[in-house]
2 protein chains.
Amino acid sequence: MSFTLHHTCPDTSARTGTLKTAHGDIQTPIFMPVGTQGMVKTLSPDELIDIVGAEIILGNTYHLNLRPGLEVIRQMGGLHKFSTWEKPILTDSGGFQVWSLAKLRKITEEGVSFANHIDGSRTMLSPEASMEIQATLGSDIAMLFDECPPYPCEEKYAANSLALTTRWARRCKEWHQENASKHVPWQLKPEGANLQHDLPQQIFGIVQGSIYSDLREQSAKELVEIGFDGYAVGGISVGEPEHEMLRAIENAVPFLPEDKPRYAMGLGTPPQMLEMIARGVDMFDCVMPTRVARHGLAFTLDGPLHIKNKEFEFDAAPLDETTHPALQKYSRSFIRHLFRAKEMLALRLLSLHNLHFFLRLMQQSREHIEAGTFVEFKTQFTKRYLNQS
Amino acid sequence: MSFTLHHTCPDTSARTGTLKTAHGDIQTPIFMPVGTQGMVKTLSPDELIDIVGAEIILGNTYHLNLRPGLEVIRQMGGLHKFSTWEKPILTDSGGFQVWSLAKLRKITEEGVSFANHIDGSRTMLSPEASMEIQATLGSDIAMLFDECPPYPCEEKYAANSLALTTRWARRCKEWHQENASKHVPWQLKPEGANLQHDLPQQIFGIVQGSIYSDLREQSAKELVEIGFDGYAVGGISVGEPEHEMLRAIENAVPFLPEDKPRYAMGLGTPPQMLEMIARGVDMFDCVMPTRVARHGLAFTLDGPLHIKNKEFEFDAAPLDETTHPALQKYSRSFIRHLFRAKEMLALRLLSLHNLHFFLRLMQQSREHIEAGTFVEFKTQFTKRYLNQS
């Protein structure tokens, strides 16, 4: 058992736990910065640890498989060694990028064939191919290969899609059980790796079912029957309104085992994450904090701040009172100048700040759950963040 | 006297020294990374100290005066505080950028009027204006406002230009003596600043005269008569062949005082810098190491390396055997991938590596000058760098 539950909230479903992986322990609830192409955009592995406080990052199977390509990562000893990131890595299955980036998709029982977004050449991703890529990357946690239905989505399409995802889930698990250890670089050569625990690569299922509660229930139950090391809720944050996003979580979580981690994929805003935590979610990932950073947005306790705004021209204050000590010395005035002058340092400082803000929110959530004060914390944080105080 | 000479080479004009400034000591020969808009492109102040080993950086008067504008930097307490860089800063006069970037220049006795490159609005730079801007920025070393003649350049134009530069030099010195201390933020408010020495802002003269040896001599003598804290050789690295660049140094240095620092502006390659050091130059600055980094070029002991090249696809070695320990873990293969994937981290790693390479070359030069082995070092370094070994 790689997940240990510590505390559960008496008045919500919020909980804390420890997720053990080969490359180290992760305290949950946790946010995972996204390292699309092997590293989080604009950042170095060192500052992800020293400033952001990241415990695990996410790598994108679709992107890494296209570039640099699997042969490079295989010969360099896997993604940890290649990217110099020695802490845990979760890889997605590539399914979401096939849906959002690739062109000329053709979905069959076998898998998805598509024209990739870089040079348009045709690639095939199947449950087995995705598992093999993720094993070769050597992530600590691999995600099953699913179909992500769009929003909005007819119930019939969602039901068929879910059935396909379940069949693919079985094939993923089968391939993984029989073959993963023959591909995971640190299982093949543990002596060169920075391993903390004698654990294999883990695999998480993904609950689908769009906005339909019975489908979410069915999907969760079918996946739990197959049996995974953790469970994600997918197909959310794809354009649906916020209450549908929360409902998707509410419809899935009750059917997931207490003793396995739960992961809400691809979201969200700070208040949304607190709502998700209150509904029993343990893990998050999102490109948003780094993407909006590159557009000049900084998260603060008082809500988002647009550093380009004229009001910060002479502002000697740091981005936020809670920013990391290493970032306190940079004034809003200086960062605004760097941003306007198109200096990359601006994007980096905002990315560091935003990720630190997200990771700090997770740490505070853990502390408040353990102290039994999570509900008050969530209420107060959200009130101030949404400027309702 | 802020410059102390330590060693001079018996067999060349190479020498070591210490240049004292208000914000700290600089060991010469030294290379100054260029922080065009307040900070070195892609880098943070922290890594400039921790990894590059920079002792002083250069700020661009032309750029900073346009953006963020003097009023911002004044209200933020000067360039050191604004940019969080607490070590010495040298500012150029803006003259070179007026010549290379601005449009519709009109040079008169008073100064230069031009349309700036950002919004085309007309600005006037005069000796007094340049000095006032540099005093307000609060650099440790200000450069006089000169006219930089193009290459090639008729002797008559060069002579007239030189005469104007000398007249401007007198006005710069006059303004500086009477007014600088009323504008330099850390002289106005020393209590908040991170001062190492009780020294005022210094001002360096700039020897012009194009490729004409008698004009270089005349310019040097006229400037020395006016009297500055140090002397630069300007109007080089503007398109002339390498032997002309070296001749410009040779034609100026003999007429400059032994006990003042000498600064060759805007260059050069590693072998060129060693040749300059052998000819008695103490200080360098150049955008080249960071500019070429952003195009994928890394300096190595065996000459430049183009990280985009296919040959590095599976190369697990670091950029160079001498790269900084913090950069050793990054393989050429990974950096190539980041570069091809347009990840900013690639530009940063190459910038850090290149500047570290330049600063290390300076440190080695100092050590070999002190040990009396500089000539052998220069010969061996250059032979290997140019692949002649």
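Any Cβ shown, glycine's included, is placed from N, Cα and C.
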Listed range which TrEMBL flags as region 'RNA binding', given the options B:265-269, B:290-294, B:350-354: B:290-294
Residue among B:GLY69, B:GLY120, B:GLY230, B:GLY235 sharing the substrate site, where TrEMBL lists B:ASP92, B:SER93, B:GLY94, B:GLY95, B:PHE96, B:ASP146, B:GLN208 as binders: B:GLY235
Distance [Cα-Cα, Å, rounded] between B:GLY94 (substrate binding site) and B:ASP285 (active site, nucleophile): 15
Of B:GLY95, B:GLY235 (the binding-site residues), the residue whose Cβ has the fewest other Cβ atoms within 10 Å: B:GLY95
Non-site residues, in chain order, whose CB comes within 8 A of the mean position of the CB atoms of B:ASP92, B:SER93, B:GLY94, B:GLY95, B:PHE96, B:ASP146, B:GLN208, B:GLY235 at substrate: B:TRP99, B:MET143, B:LEU144, B:PHE145, B:GLU147, B:CYS148, B:ILE206, B:GLY234, B:MET265
Alpha-carbon distance [B:ASP92 (active site, proton acceptor); B:ASP146 (substrate binding site)] in Å: 10
DSSP-derived helix, strand and coil totals, residue by residue, for the region 'RNA binding' (B:290-294): 4 helix, 0 strand, 1 coil
DSSP three-state assignment (helix, strand or coil) for B:ASP146 (substrate binding site): coil
Mean of the pLDDT scores, which run from 0 to 100, over the domain 'tRNA-guanine(15) transglycosylase-like' (B:12-385): 96
Other CB atoms within 10 A, centred on B:ASP285 (active site, nucleophile): 21
